[in-house]
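See structure below.
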Amino acid sequence: MCPSGRIAIPITTTANPNFRPAFEIIDTDHDGKISSDDLRAFYAGIPSGENNDETMIGTMISVADANKDGFVEFDEFEKVLETTPFSRSGNGGDDGLMKDVFKVMDKDGDGRLSYGDLKSYMDSAGLAVTDDEIKSMIRLAGGDLNDGVSFDGLLKIFGC
């Protein structure tokens, strides 16, 4: 235990590649760390509007920010997700976070990610992908070009 009464959690340097895509989506300015501005921008894409509360954003940063620099680096992000029980499978991760990612990507709110949804989001996130790569993602997720990808399919794409 630290003198402050907090428990020290060692941060590993072995990155879990399953969390990298989620981190890159939330890191909207692509500077390698998640800031309060990144979270505001991320949650602005979710139709409910309730998730951009400043107190909640501050809490999210402070919970994950192990080195107290005001940002969440990938290793800190990874540590939070690895220690949070995955409500569906127990594999480690945050189902709620992934649902938020899904909502941001689902532009028309129909509960499925279409080819257009995936292409649009990848472009807006600065991730250069070809049409064939988008089609491969849809196939990997168990979807097709007509029906798109479900939430569970998105988890397959991210390797969760």
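Here the Cβ of each residue, glycine as well, is placed from N, Cα and C on the backbone.
Swiss-Prot lists ASP27, ASP29, ASP31, LYS33, ASP38 with the feature Ca(2+) 1 binding site. In the shown protein chains, 10 other C-beta atoms lie within 10 A of the C-beta of ASP31 (Ca(2+) 1 binding site).
Around the Cβ of GLU76 (Ca(2+) 2 binding site), 22 further Cβ atoms fall within 10 Å across all displayed protein chains. Per Swiss-Prot, the feature Ca(2+) 2 binding site maps to ASP65, ASN67, ASP69, GLU76.
Here Swiss-Prot flags ASP106, ASP108, ASP110, ARG112, ASP117 as Ca(2+) 3 binding site. Residues near ASP117 (Ca(2+) 3 binding site) in space but far in sequence (CB under 8 A, at least 6 apart, same chain), listed by position: MET105, ASP106, LYS107, ASP108, GLY148. In the three-state DSSP reading, ASP117 (Ca(2+) 3 binding site) counts as helix.
Per Swiss-Prot, the feature domain 'EF-hand 1' maps to 22-49; the stated evidence is sequence analysis. Under 8 Å from some Cβ of the domain 'EF-hand 1' (22-49) lie the Cβ atoms of residues 57-58, 60-61, 64, 70-74, 77-78, 81, 97-98, 100-101, 103-104, 109, 121, 125-127, 158, all in the same chain and six or more residues away from its ends.
Feature annotation from Swiss-Prot assigns domain 'EF-hand 2' to 52-87; the stated evidence is sequence analysis.
Residues or ranges marked as domain 'EF-hand 3' in Swiss-Prot: 93-128. For the domain 'EF-hand 3' (93-128), the predicted model reports an average pLDDT of 81.
Residue pair ASP27 (Ca(2+) 1 binding site) / GLU76 (Ca(2+) 2 binding site) shows a Cα separation of 13 Å. Across the structure, ARG112 (Ca(2+) 3 binding site) and ASP38 (Ca(2+) 1 binding site) place their CA atoms 24 angstrom apart. Sorting the domain 'EF-hand 2' (52-87) by DSSP state (H, G, I as helix; E, B as strand; all else coil) yields 22 helix, 2 strand, 12 coil. Listed in chain order, the residues near the Ca(2+) 1 site other than ASP27, ASP29, ASP31, LYS33, ASP38 are THR28, HIS30, GLY32, ILE34, SER35, ASP37, PHE71, each with its Cβ within 8 Å of the site Cβ centroid. In the three-state DSSP scheme, LYS33 (Ca(2+) 1 binding site) falls into the strand class. Rounded to a whole number, the C-alpha distance linking LYS33 (Ca(2+) 1 binding site) with GLU76 (Ca(2+) 2 binding site) is 10 angstrom.
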